[in-house]
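Working notes for the structure below.
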Amino acid sequence: RASVLHTSKKLTRAETIFSNMNYENSSEAEIIWDNVTQSNQSFDDFNRVVGGEDAARGQFPWQVLLHGEIAAFCGGSIVNEKWVVTAAHCIKPGVKITVVAGEHNTEKPEPTEQKRNVIRAIPYHGYNASINKYSHDIALLELDEPLELNSYVTPICIADREYTNIFLKFGYGYVSGWGRVFNRGRSASILQYLKVPLVDRATCLRSTKFTIYNHMFCAGYHEGGKDSCQGDSGGPHVTEVEGTSFLTGIISWGEECAMKGKYGIYTKVSRYEV
């Protein structure tokens, strides 16, 4: 995810999802977005999971890693065989993106890995990085070839808007990624995950001088020490309901990582139709 420095710079966690996306046909990917609220806030890019645990192989089979030509930089979630959802701020003009599904340990090749090239990136139509890098921070990525689904490569469940909002209010969610394991530290080689509590909106608003729009939510621990961080952007915030995991948020941004009194900021999936 992206972090915001106290010099007024916001860092992304590499980062968020789509507002009012009407995803009725994966081949057409017709998207309907809300209007962007303008902001003069300035941002810089970053993101990851601090204070988390090593995930078991196949524990989060919807998780993917986004690779540029040099290194990995963001996460994402499998929507179906041909589409991945991530944060819009992860998309850079002219940068070739490779999606790696079935990844667990980034330091060695694994038989569960599947690599696909991104042939089309579709940010939410109201997303405008020059106005606000994290408002409506959500995008879809179309893959060149379908993924082969199995126990290590599986789409995340996405409920309708009403139920997604209800699930989010259950209170706790899981975030995952290969981002930094401590603020400004090294990135994880093994997929990390962390259980984070939802933070009430009033507390969320008081915790930062930056604008928290209605399509964002806060999650994390007041005491600090546990958080998503740089490199985690675009990855999932999921809520488990009777043994089934549903996508409820997209890792977007935050102020540094795991700081006391600060929280991770996520795109609220219930604001968008997939």
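Backbone N, Cα and C atoms are what each Cβ position is placed from, and that goes for glycine too.
The feature sulfotyrosine is assigned by Swiss-Prot to Tyr23. What Swiss-Prot records for Asn25, Asn35, Asn40, Asn128 is N-linked glycosylation site. Annotated phosphoserine per Swiss-Prot: Ser26, in sequence order, evidence recorded as similarity to another entry. The O-linked glycosylation site feature in Swiss-Prot is assigned to Thr37. Sequence annotations record features per position, and here Swiss-Prot assigns domain 'Peptidase S1' to 49-274. According to Swiss-Prot, the disulfide bond annotation covers Cys74-Cys90, Cys204-Cys218, Cys229-Cys257, on the basis of similarity to another entry. The annotation active site, charge relay system is assigned in Swiss-Prot to His89, Asp137, Ser233. Annotation comment: Swiss-Prot describes Glu103, Asn105, Glu110, Glu113 as Ca(2+) binding site, evidence class similarity to another entry.
On the structure: features taken from Swiss-Prot.
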residue: His89; record: active site, charge relay system; Cβ neighbours (10 Å): 31
residue: Cys90; record: disulfide bond; Cβ neighbours (10 Å): 33
residue: Glu103; record: Ca(2+) binding site; Cβ neighbours (10 Å): 24
residue: Glu110; record: Ca(2+) binding site; Cβ neighbours (10 Å): 13
residue: Glu113; record: Ca(2+) binding site; Cβ neighbours (10 Å): 17
residue: Asn128; record: N-linked glycosylation site; Cβ neighbours (10 Å): 16
residue: Asp137; record: active site, charge relay system; Cβ neighbours (10 Å): 36
residue: Cys204; record: disulfide bond; Cβ neighbours (10 Å): 18
residue: Ser233; record: active site, charge relay system; Cβ neighbours (10 Å): 39
residue: Cys257; record: disulfide bond; Cβ neighbours (10 Å): 34
Non-site residues, in chain order, whose CB comes within 8 A of the mean position of the CB atoms of Glu103, Asn105, Glu110, Glu113 at Ca(2+): Val100, Gly102, His104, Thr106, Lys108, Pro109, Thr112
For Ser233 (active site, charge relay system), the one of His89, Glu113, Asn128, Cys218, Cys257 that lies nearest, given that the recorded positions are compared by Cα: His89
Structural state of Cys218 (disulfide bond), classified by DSSP into three states: strand
Minimum Cα separation from Glu113 (Ca(2+) binding site), reported as the residue among recorded positions Cys74, His89, Asn128, Cys218, Cys229 that achieves it: Cys74
Inter-residue C-alpha distance, Asp137 (active site, charge relay system) and Glu103 (Ca(2+) binding site) (nearest angstrom): 24
Among Asn105, Cys218, Cys229, the most crowded of the recorded positions [Cβ within 10 Å]: Cys229
Mean of the pLDDT scores, which run from 0 to 100, over the domain 'Peptidase S1' (49-274): 91
Count of other CB atoms lying within 10 Å of the CB belonging to Cys74 (disulfide bond): 32
Euclidean distance between Cα atoms of Cys229 (disulfide bond) and Glu110 (Ca(2+) binding site), Å: 25
